[in-house]
Amino acid sequence: MATCAEILRSEFPEIDGQVFDYVTGVLHSGSADFESVDDLVEAVGELLQEVSGDSKDDAGIRAVCQRMYNTLRLAEPQSQGNSQVLLDAPIQLSKITENYDCGTKLPGLLKREQSSTVNAKKLEKAEARLKAKQEKRSEKDTLKTSNPLVLEEASASQAGSRKESRLESSGKNKSYDVRIENFDVSFGDRVLLAGADVNLAWGRRYGLVGRNGLGKTTLLKMLATRSLRVPAHISLLHVEQEVAGDDTPALQSVLESDSVREDLLRRERELTAQIAAGRAEGSEAAELAEIYAKLEEIEADKAPARASVILAGLGFTPKMQQQPTREFSGGWRMRLALARALFARPDLLLLDEPTNMLDVRAILWLENYLQTWPSTILVVSHDRNFLNAIATDIIHLHSQRLDGYRGDFETFIKSKQERLLNQQREYEAQQQYRQHIQVFIDRFRYNANRASQVQSKLKMLEKLPELKPVDKESEVVMKFPDGFEKFSPPILQLDEVDFYYDPKHVIFSRLSVSADLESRICVVGENGAGKSTMLKLLLGDLAPVRGIRHAHRNLKIGYFSQHHVEQLDLNVSAVELLARKFPGRPEEEYRHQLGRYGISGELAMRPLASLSGGQKSRVAFAQMTMPCPNFYILDEPTNHLDMETIEALGRALNNFRGGVILVSHDERFIRLVCRELWVCEGGGVTRVEGGFDQYRALLQEQFRREGFL
């Protein structure tokens, strides 16, 4: 630093002592942060300009800074020990401070010797200038080595590089790949991801999978809000919230999602109006011609047809496409949000359980549509068949990290098993090798003739990489209690039932269905066809307009609603919920019941609002099965459940000794459980003899006829 000090003294002989100390301090403490002369000019150039008065212009100040920068670079090896370095991973201070006594006093910090003779006013003025400069700089440089960003209760921190920052700010970064390295994501005091990396290559379709509650939805939100840094030139859309209802027709709402087209059309109308009114100044005609060329380039005239095809594929009839958005229910507005995202075609499309809002027909259409998607997709889904149809890669979230796999979900399962097997083999082989070396060390530790060999073996042990045993995910087990006596049919039936809310719109006409304790019936059909209405008729929650509902006197039905979350008190814990619903039992019984569905330990005592969607579903299952029903009616039970839980639910239903009727859109779950397939359509229910294969073939043929494929 003496050389830099000499440069300052020689170039600015009149420099104030306090300012001199201040500048040399900045140069010393920030030397590792100056990656170019521009950084140094930005840090102290303005201050040196004030010191020089009129004796040096900008070029002169820059020349001085260049000399000091060269000196700092030459001195770099000597100052390396004090330089700032990029951490291997972001550090959580809360984890470090847990090891310290909060009551510890640090006298060196509390009472510091005041030996400085610097003029307080001058120092204050200099520090104010530096603070203003640093604030200005921090606005430009958003890439710091650990930058906490908060989204509701979630936060993220990540390492960054100045090189990427400069490419981004200069506009030279033209890549549409998304690469985020070495980041953490936390939710409250829980670490969801630690030192994780995610790489999304342009044009590939990624399925994000993992157990409930590990942070998949939180990760999507971090990307959507750019709390995890996605390059600014990459457009992204996160289908999370339903479209707000107003008087805009559904089709127009979708068209408006293309902001480029809308801006061009708006400007076209303005220019046309000016020319028609005689207010044109001469340049309007040329601008209008340019706008027409751009509209033709983006095929603006074909946009309404493309939007209509998307809406039709998602189940909107021509009449519905012209309805105001305020007339749609929440589920249909979510479909509308998905349609807008598909129409807008962002560079990165983020989807969180898109199949939850769709029926089987719409899911099959979406599978076909996404297979030709031109840009990048990251989708959270627990629908195995959906991921097999659309995913080119799988990202597995587990153990606070992300592992990437090439291929669809079935390929991922095989690759993961092979990877775990290889990891276990490597771990066991190293353990044997370590043990072999340790035996030698223990045997000859006190043998002077073997001392050098023992030391060599100890160094070998130190150099071995630390391999950890394979972290296997626990198996999910669910069981429906069935300690009841069987009884003879008829168990549950609807006979010649008519039902409607409005006589002008009959939902069912002469409906006749029946089920017994051996039944495993799955109901499918388009949204609005009456699936949930039929379930409520079977439950007895709705009374037929005509016809009869018959239920056995010993029948005890357990009902799972697709809107179960809305029926839970989210301010209480799972244990409190069961205690209120079934009072008078010991807490151990409530905990045991919840444990059957994977809600154990502190999870059972946390407010339901803090649980993931899948965990709330498990609580709803625990509540539903507490009275030991002998028949279950389930409306979309797999929504929000992870794949392992869906598999466990399927096994539990197959082992259950009572009857089951369920509505589902999950193809694998239907194939796992279903013995009968009912299709709701045209005011009635049809039994499909060929099962789901026949139903899928019928839908594919319908798509071909309607031109969707």
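Cβ atoms are placed via backbone N, Cα and C, with glycine included.
Swiss-Prot annotations:
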| type | residues | note |
| --- | --- | --- |
| MOD_RES | A2 | N-acetylalanine |
| MOD_RES | S83 | phosphoserine |
| REGION | 129-171 | region 'Disordered' |
| COMPBIAS | 129-143 | compositional bias 'Basic and acidic residues' |
| MOD_RES | S155 | phosphoserine |
| MOD_RES | S157 | phosphoserine |
| MOD_RES | S161 | phosphoserine |
| COMPBIAS | 161-171 | compositional bias 'Basic and acidic residues' |
| DOMAIN | 178-424 | domain 'ABC transporter 1' |
| BINDING | G210, R211, N212, G213, L214, G215, K216, T217 | ATP 1 binding site |
| MOD_RES | S283 | phosphoserine |
| DOMAIN | 492-707 | domain 'ABC transporter 2' |
| BINDING | G525, E526, N527, G528, A529, G530, K531, S532 | ATP 2 binding site |
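One way to see the shell of the ATP 2 site is to take the Cβ centroid of G525, E526, N527, G528, A529, G530, K531, S532; the remaining same-chain residues with a Cβ within 8 Å of it are D359, T533, C680. There are 19 other Cβ atoms within 10 Å of the Cβ belonging to S155 (phosphoserine). Neighbour density at the Cβ, taken as the number of other Cβ atoms within 10 Å, is lowest among the recorded positions N212, T217, S283, S532 for S283. Highest Cβ count within 10 Å among the binding-site residues K216, E526, G528: K216. Around the Cβ of G525 (ATP 2 binding site), 21 further Cβ atoms fall within 10 Å across all displayed protein chains. Note on A529 (ATP 2 binding site): other Cβ atoms within 10 Å of its Cβ, all shown chains, come to 21. Here the Cα atom of T217 (ATP 1 binding site) is found 50 Å from that of S283 (phosphoserine). Within the set of recorded positions S155, E526, K531, S532, the entry lying nearest in space to K216 (ATP 1 binding site) is S155 (CA atoms). Cα distances from S532 (ATP 2 binding site) to the binding-site residues G210, R211, N212, G213 are smallest for N212.
Within 8 Å of the Cβ centroid of the ATP 1 site, not counting the listed residues G210, R211, N212, G213, L214, G215, K216, T217, the chain contributes L192, L397, S612, G614, D642. Spatially close to R211 (ATP 1 binding site) yet at least six residues away along the chain are H398, E473, D642, E644, judged by Cβ distances under 8 angstroms. In the predicted model, the domain 'ABC transporter 2' (492-707) shows an average pLDDT of 92. For G530 (ATP 2 binding site), the nearest neighbour among the recorded positions S155, G213, S283, judged by Cα separation, is G213.
Separating the Cα atoms of K531 (ATP 2 binding site) and N212 (ATP 1 binding site) is a whole-number distance of 27 Å. A C-beta separation below 8 Å, combined with a sequence spacing of at least six in one chain, links G210 (ATP 1 binding site) to K216, H396, L397, H398, D642.
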